[in-house]
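Copied over from TrEMBL:
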- 41-290: domain 'G-protein coupled receptors family 1 profile' (DOMAIN)
- 25-48: transmembrane segment (TRANSMEM)
- 60-78: transmembrane segment (TRANSMEM)
- 98-120: transmembrane segment (TRANSMEM)
- 140-166: transmembrane segment (TRANSMEM)
- 197-216: transmembrane segment (TRANSMEM)
- 237-261: transmembrane segment (TRANSMEM)
- 273-292: transmembrane segment (TRANSMEM)
Amino acid sequence: MGESNLSVTSDFTLMGLFSHSGPPLVLFSLVVTIFTVGLLGNAILLFLVCTDSRLHTPMYFLLSQLSLLDVGFPLVTIPKMAVDFLQGESSISFQGCGAQMFFLMLMGVSEGVVLSFMSYDRYVAVCHPLHYPLLMRRQVCLLMMRTSWLSGVLVACIQTSIILHFPYCASRAVDHFFCELPALLKLSCADTSAYDLALSISGVLILLLPLSLIATSYSQVLGAIFRMHSAEARHKAFTTCSSHIAVVGLFYGAAVFMYMVPGTYHSPQQDNVVSLFYSLVTPTLNPLIYSLRNREVRTALVKVLDRAGFRSKR
């Protein structure tokens, strides 16, 4: 009982990113720059979707949910890591560690569900365009939004409550730059084999179920695109869907590596790189992918910039 109580009162130490790297100041500056660019890019995309009436469509509504999640992802981890680096400390309380895991799982699961709904949206738009206003009406979009967030909350509550009930009575040094479930599980002095199995099974459901829906949707979409007679329509549909597929590949590639590949097959250094990729790099790339390859977003951005320039002259 004393050992179990210790896990509730003691802090963890985050070893993490800069302890395994070369010049820490260079990497720190790079991380902060990517973090700033990502927040700015997603904030601009959210602003454009909210203010431009031409972007008030189901596709951009789902895209705004993705941007909202991509704002939250790095905010959970990067500011804490930056403060620790500047202060020369790396500790995190037991409650803070639990909060990090909760919000990361919430946003990770929600983003996976949002990406699957975005693939369904493209499937309906390309394969059943006449039924699109009915199948993607406002009520359906709101239901998709609630489903994505509620699924994230449910999984995060279950996983966080389980992992925090394990006793942590040995080393309290987390070989990671934030509290992630696989890294924290290695520190438990209890037998976690049953939970490891349950985690693998839940990982299959949480990751592969949306991924299978995405694969099915885009296989149908690609088939429909190749059957189009208009080269312009085929190019427009392929450009939009290829952006979505790129985002899916970035997100799920890292997530599958972390949560479905057994921990014995990757090192803590690899975990740090992969986690940095899906918690910082991918959220930064998402708005760039959609903005640079989407005419409507570029047009809305140019309109806002022109308006701002006109007002500044006056």
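Using the three backbone atoms N, Cα and C, a Cβ is placed for every residue, glycine included.
A Cβ distance under 8 Å defines the sequence-distant neighbours of the transmembrane segment (273-292), meaning residues of its chain 6+ beyond its ends; these are 17, 31, 34-35, 37-38, 41-42, 44-45, 63, 66-67, 69-71, 73-74, 76-78, 104, 108, 176-178, 180, 243, 246-247, 250-251, 254-255, 257-258, 266, 298, 301. Among the listed stretches 25-48, 60-78, 140-166, 237-261, the one sharing the most Cβ pairs under 8 Å with the transmembrane segment (98-120) is 140-166. Non-local neighbours of the transmembrane segment (60-78) in the same chain are 31-32, 35, 38-39, 42-43, 45-46, 49-50, 100, 103-104, 107-108, 110-111, 114-115, 117-118, 121, 141, 144-145, 148, 177-178, 247, 278-280, 282-284, 286-287, 290, 296; each lies 6+ residues outside the stretch with a CB under 8 Å from one of its CB atoms. Non-local neighbours of the transmembrane segment (237-261) in the same chain are 66, 108, 111-112, 115, 118-119, 122, 126, 180, 182, 199-200, 203-204, 206-207, 211, 214, 218, 221-222, 224-225, 228, 271, 274-275, 277-278, 281-282, 285-286, 289-290, 293-294; each lies 6+ residues outside the stretch with a CB under 8 Å from one of its CB atoms. Mean model confidence for the domain 'G-protein coupled receptors family 1 profile' (41-290) is a pLDDT of 85.
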